[in-house]
Amino acid sequence: RVGMAESAAAAAAAAGLLEPGAKEVAARSLGRTAHNMSSSSLRKKSDLALLRKVPCAPLRGLLDNLQQVLLATKLVLLFPAVFLALAARYFDFGQEWVFVLSLIGLVPLAERLSFLTEQVACYTGPTVGGLLNATFGNVTEVIIAIFALYEGKVVVVKCSLLGSILSNLLLVLGTSLFLGGLANLGKYQPYDRMQADVSTGLLILGALCHSLPLMLRYAVSSEEHTIVSWDAGLELSRACSVVMLLAYVAYLFFQLKTHCQLFEPQEVEDDGDDSVSQDEAVLGFSSAIIWLGVMTLMTAVLSEFVVSTIEAASKSWELSVSFISIILIPIVGNAAEHAGAVIFAFKNKLDITLGVSLGSATQISMFVVPLSVLVAWIMGVPMDLDFNLLETGCLFLAILVTTFTLQDGSSHYLKGLILLFCYIVIAICFFVLRRRGSGSNDGVGMGVASNTRRI
Amino acid sequence: MSTMESGLLRKHASDAGGLRAARTGPHGHSATARTAHSMSASALRKKSDASLVRKVPFAPLRPLLANLQEVFLGTKLAVLFPAVPLAIAARYAHFGQVWVFALSLLGLIPLAERVSFLTEQIAIYTGPTVGGLLNATCGNATELIIALFALMQGKIEVVKCSLLGSVLSNLLLVLGTSLFCGGIVNLGVDQPYDRKQADVNTGLLILGVLCQSLPLMLRYAVGAGEHSVAADTTGLVLSRACSIVMLLAYVAYLFFQLKTHTQLFEPQDIDEDGEDQEEAVIGFGSGLFWLAFKTVLIAILSEFVVGTIEPTSQSWGLSVSFISIILLPIVGNAAEHAGAIIFALKNKLDITLGVALGSATQISMFVVPLSVIVAWIAGIQMDLDFKLIETGSLFVSVIVTSFTLQDGTSHYLKGILLLLCYIVIGACFFVTRQPSSHANGNGAGLAVPTGTLNAQVA
């Protein structure tokens with residue numbers, strides 16, 4: 001049977017090469033980026049047998065819809081945390097319980113958002129779909145960032161976004177390459193370098209944009225340069241953010257229009273029957289839009305809980321706000337992608353793994369970060385791109401070590417282990433920074449310090 | 001030249017095919033223990049001439065003499081051996097401290113080469129894995145011993161500078177000279193090497209740079225008021241945690257190198273390399289004895305070097321950090337340096353890279369964290385914060401080496417670039433000498449910024 005399948009696949013491939021209609025096939029799969037292929041590995045075929053027994057026909061459709069939306073994921077076990085978080089909030093449990101439950105509840109919501117985006121993309125065609133994916137791919141991070149901005153917690157915004165980049169580059173990629181390397185020991189583990197190079201270039205541009213305001217501040221404070229007004233760093237950050245968004249638009253154009261062949265994931269043949277083919281829409285367009293709205297709303301509610309209870313959690317756990325923002329929140333926010341990336345690394349499909357982790361890091365660095373700066377500008381919050389010395393240094397070295405790791409087109413477990421060790425070292429560094437005495441106004445203290453120095 | 005000649009002569013006895021067969025055949029196990037490092041060191045060895053020994057009439061004396069000859073004279077560096085007793089004599093006859101320093105440094109060169117030879121001899125008896133571990137541990141025994149002695153005398157500055165200098169010298173000087181000389185000699189010939197091995201080392205070196213940068217950045221960030229730390233020992237705690245992670249990474253690297261991916265680290269086939277290292281020339285017991293003996297000698301000379309570094313610095317008008325970063329490592333790596341160049345001349349760049357990068361990785365990921373841990377046990381506050389210029393130089397060196405080794409071939413310009421980087425760094429440390437107070441200027445200089453940091457924390 002396997003032989004037959006193989007020959008059929010070969011015939012199909014040959015036909016695809018010859019057929020003029022192959023273009024349409026390729027075009028249809030355009031909307032499927034590595035990102036949603038990875039998250040699809042967490043999905044399961046929903047069992048319709050139970051549904052068919054329901055007598056009332058309109059009810060059947062509604063139930064089917066509900067089942068597709070709520071139960072068709074392996075992360076469904078974490079859904080109760082959403083309600084528990086709401087309950088904990090309104091029955092005045094401990095703040096840290098609200099924090100923990102909200103974080104856990106965000107995991108399945110993030111996965112479902114990606115699923116719904118993909119469903120909507122099925123109706124809109126590849127380009128709009130690609131744009132939707134690119135925008136909603138990290139919607140959890142965006143929502144958390146906007147809520148934190150709204151509450152004026154600039155440090156939390158900066159730390160959580162930076163932590164998300166670090167976690168994608170080092171933790172997600174490191175675990176995937178390590179486990180993939182161990183599972184495929186002795187096998188050749190290739191990947192396409194071109195895609196990695198594009199992301200790397202953008203990430204280095206991002207690191208430059210983060211470094212300039214930082215270096216400006218240090219240069220001014222050591223009297224190497226003089227600036228006219230104290231918000232020169234802020235203006236520089238806003239200009240850099242505009243440039244970063246332009247670069248991201250160019251990247252989307254490159255990815256979706258002119259060089260889409262670079263970003264096509266490797267063929268996935270032995271996906272197993274537990275994953276759903278994403279080419280067909282299982283939901284209607286309007287129902288998908290409605291659910292997208294509902295899920296976004298729930299994500300927003302939980303994000304608000306997370307942001308407002310972060311200081312209480314920091315105080316009760318004796319961890320600094322920056323440690324929680326840089327290490328804990330991104331681990332949770334990226335959990336679904338993380339699992340997907342590891343699963344594809346196990347299957348030796350490193351292109352998808354790289355697409356997920358590097359794509360996500362690029363998106364946060366070049367889209368979410370400048371967007372936050374611009375939103376803060378509109379809101380009148382003075383958020384700049386100056387992420388302090390230690391954070392920027394870690395980002396820079398993380399990008400460098402990832403770049404050098406991905407230089408030759410194959411992988412082995414030691415590469416993953418090195419990335420993982422880098423992440424551990426960075427985590428230790430932010431862990432030892434905690435202040436035992438006054439954990440609560442850690443963030444405020446940091447914000448004030450940088451403000452006064454700028455003045 | 002004599003290596004080439006003897007190589008041609010020996011080609012009749014054991015041709016290249018025989019060597020290759022021995023590697024994969026029944027004696028294949030000993031091949032795995034032969035790292036690029038030991039192969040390079042062997043380039044300096046010469047076949048000892050046994051004819052003189054055979055003339056000795058007294059039979060029991062004969063093997064003893066043969067043994068002595070193998071141990072002491074089986075190297076081209078034997079001419080430097082007299083420096084060892086001279087250094088000891090200079091010390092006890094109260095010559096100038098400078099003489100003790102210079103003679104000890106000279107004496108360390110042949111001793112370092114002999115320790116590597118003896119390690120390799122023992123490795124033949126212990127099998128590939130233990131042998132590989134032995135080579136990995138004793139490969140930079142001289143650096144390790146110097147570091148430990150400096151640590152015991154509380155000269156943390158010397159420890160840091162000599163280890164950092166050793167990494168810099170391996171990455172830039174040894175590799176630069178080798179690629180340059182190899183490029184000139186093999187002009188017009190393709191000079192390929194295996195990128196994978198270089199990539200593994202690069203990854204580890206960047207991890208090392210990250211571990212050394214974090215305490216430095218922490219100190220600066222706290223100094224600029226960006227972060228606050230609970231206690232003034234946070235940098236130290238961070239350094240110790242980083243050192244443990246570095247040692248774990250080194251263990252993983254050894255496992256990778258000796259167990260799962262040995263094929264990446266196998267040196268290119270040597271067709272005309274003359275000496276046959278597969279056979280043990282001395283017994284196991286005598287090997288162990290001599291290894292201990294040489295290690296003791298190295299320890300004595302290291303103690304002399306460490307003890308006389310400050311008077312030397314004063315009398316030569318050089319700073320302690322210049323001597324530690326530039327002079328000590330040049331001497332400590334002399335034997336490997338010569339070996340790396342010889343193999344680069346033969347266009348065997350894999351061995352050259354294995355020596356230079358392997359040695360740098362070993363110092364960065366094993367000797368440095370080990371020193372921190374040993375200092376911790378001994379109650380000495382040594383951290384991984386190697387100050388700004390030193391860490392910056394290390395960082396740029398690792399980056400320039402990584403970029404140089406990106407495509408899988410070499411040419412002489414790459415070597416020149418690395419070499420010029422080394423010269424620039426050397427010049428930088430040369431001009432930072434403090435003419436007024438050489439004696440303990442550096443130790444105090446290091447202590448002051450940390451002190452101010454502590455004051456700010458408090």
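Glycine too: its Cβ is placed from the backbone N, Cα and C atoms.
All TrEMBL annotations are machine predictions without curation.
TrEMBL lists B:18-39 with the feature region 'Disordered'. The transmembrane segment feature in TrEMBL is assigned to B:71-88, B:95-112, B:132-151, B:163-185, B:205-222, B:234-256, B:288-306, B:318-345, B:351-376, B:388-406, B:412-432. Look at TrEMBL and you will find B:98-258, B:288-425 tagged as domain 'Sodium/calcium exchanger membrane region'.
Under 8 Å from some Cβ of the transmembrane segment (B:163-185) lie the Cβ atoms of residues 140, 143, 147, 191, 205, 324-326, 328-330, 332-333, 336-337, 340-341, 343-345, 347, 349, 352-353, 355-357, 359-360, 363-364, 367-368, 371, 386, 390, 393-394, 397-398, 400-401, 404, 410-422, 425, all in the same chain and six or more residues away from its ends. Tertiary neighbourhood of the transmembrane segment (B:412-432): same-chain residues 168-169, 171-173, 175-184, 187, 318-319, 321-322, 325-326, 389, 393, 396-397, 400-401, 404, selected by CB-CB distance under 8 Å and a gap of 6+ residues from either end. Panel annotation: around the transmembrane segment (B:71-88), residues 44-48, 100, 103-104, 106-107, 109-111, 113-114, 117-118, 281-282, 290, 297, 300-301, 304, 335 of the same chain, lying at least six beyond its termini, place a Cβ under 8 Å from a Cβ of the stretch. Put simply, of B:132-151, B:234-256, B:318-345, the stretch with the most CB pairs closer than 8 A to the transmembrane segment (B:95-112) is B:318-345. Residues of the domain 'Sodium/calcium exchanger membrane region' (B:288-425) grouped by DSSP class, helix first, strand second and coil last, total 114 helix, 1 strand, 23 coil. Among B:132-151, B:234-256, B:318-345, B:234-256 has the largest number of CB pairs under 8 A with the transmembrane segment (B:351-376).
Long-range Cβ contacts of the transmembrane segment (B:132-151) within its own chain (Cβ-Cβ under 8 Å, at least 6 residues beyond either end) map to 32-33, 35, 37-38, 108, 111-112, 115-116, 119-120, 122-123, 126, 158-159, 162-163, 166, 254, 257-258, 291, 295, 298-299, 302-303, 305-306, 328-329, 332, 358-359, 362-363, 366-367, 370-371, 374-375, 378, 380, 382.
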